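A short write-up of the structure that comes next.
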Amino acid sequence: MTIERTLSIIKPHAVEKKIIGKIFDRLECAELTIIGCKMLQLTLCQAREFYAEHQDKIFFQNLIQCMISGPSLISVLEGENAIQSYRQLMGATNPIHAISGTIRADYADSLTENAIHGSDSSISSTREINFFFSCYELFSKKYQL
Ligand code: CMP
């Protein structure tokens, strides 16, 4: 059994659509535990730094505009194989390719406004969790970093 942590962002357009509860219900039903959570509106600087790996991509400006357009709900999830487990719940990045019943298939508006973000590896999850949270903001009974 591998207990992992992963970062989840419910993107501004999904917060606006009032689907936080629906998304949290799905992940808690999948045995992912929310061990930290905050709502914040990313600054331009934060968004550009968080998504720096995509800075040369053609979609970068649209992605940044989407991410600073309103508050996001940012959380840390913990559970068995949490990274892969959350990615399965999310579905493919492009909602056109997302399997029916996944979060993106049900709630994404477009490839950029694809409802949620989740870390894609353990290296990313460590970086992304540390980007938004200090250890004092995480509440775990299972696993101490
Ligand atoms: P996310 O999981 O937040 O990680 C990077 C984001 O970039 C992705 O979700 C999409 O919102 C966006 N993205 C990835 N690929 C493309 C693309 N080809 N065109 C537009 N946006 C993209």
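Using the three backbone atoms N, Cα and C, a Cβ is placed for every residue, glycine included.
A TrEMBL annotation is a machine prediction, not a hand-curated record.
Owing to the predicted nature of the structure, the values given are computational and were not obtained by experimental measurement.
Annotation comment: TrEMBL describes 3-140 as domain 'Nucleoside diphosphate kinase-like'.
The 10 Å shell around the Cβ of LYS11 (ATP binding site) contains 26 further Cβ atoms across the protein chains shown. DSSP assigns LYS11 (ATP binding site) to coil in the three-state reduction, placing it in neither a helix nor a strand. Under the heading ATP binding site, TrEMBL lists LYS11, PHE59, ARG87, THR93, ARG104, ASN114.
The active site, pros-phosphohistidine intermediate annotation in TrEMBL covers HIS117. For HIS117 (active site, pros-phosphohistidine intermediate), the Cβ neighbour count at a 10 Å cut-off comes to 20, with all displayed protein chains included.
Remark: of the binding-site residues ARG87, ARG104, the most isolated position is ARG87 (fewest other Cβ atoms within 10 Å of its Cβ).
A Cβ distance below 6 Å to any atom of ligand 1 is met, among the recorded positions PHE59, ARG87, THR93, ARG104, ASN114, HIS117, by PHE59, THR93, ASN114, HIS117. Across the fold, the C-alpha of HIS117 (active site, pros-phosphohistidine intermediate) and the C-alpha of PHE59 (ATP binding site) stand 15 Å from each other. Other Cβ atoms within 10 Å of the Cβ of ASN114 (ATP binding site) number 24 in total over all chains.
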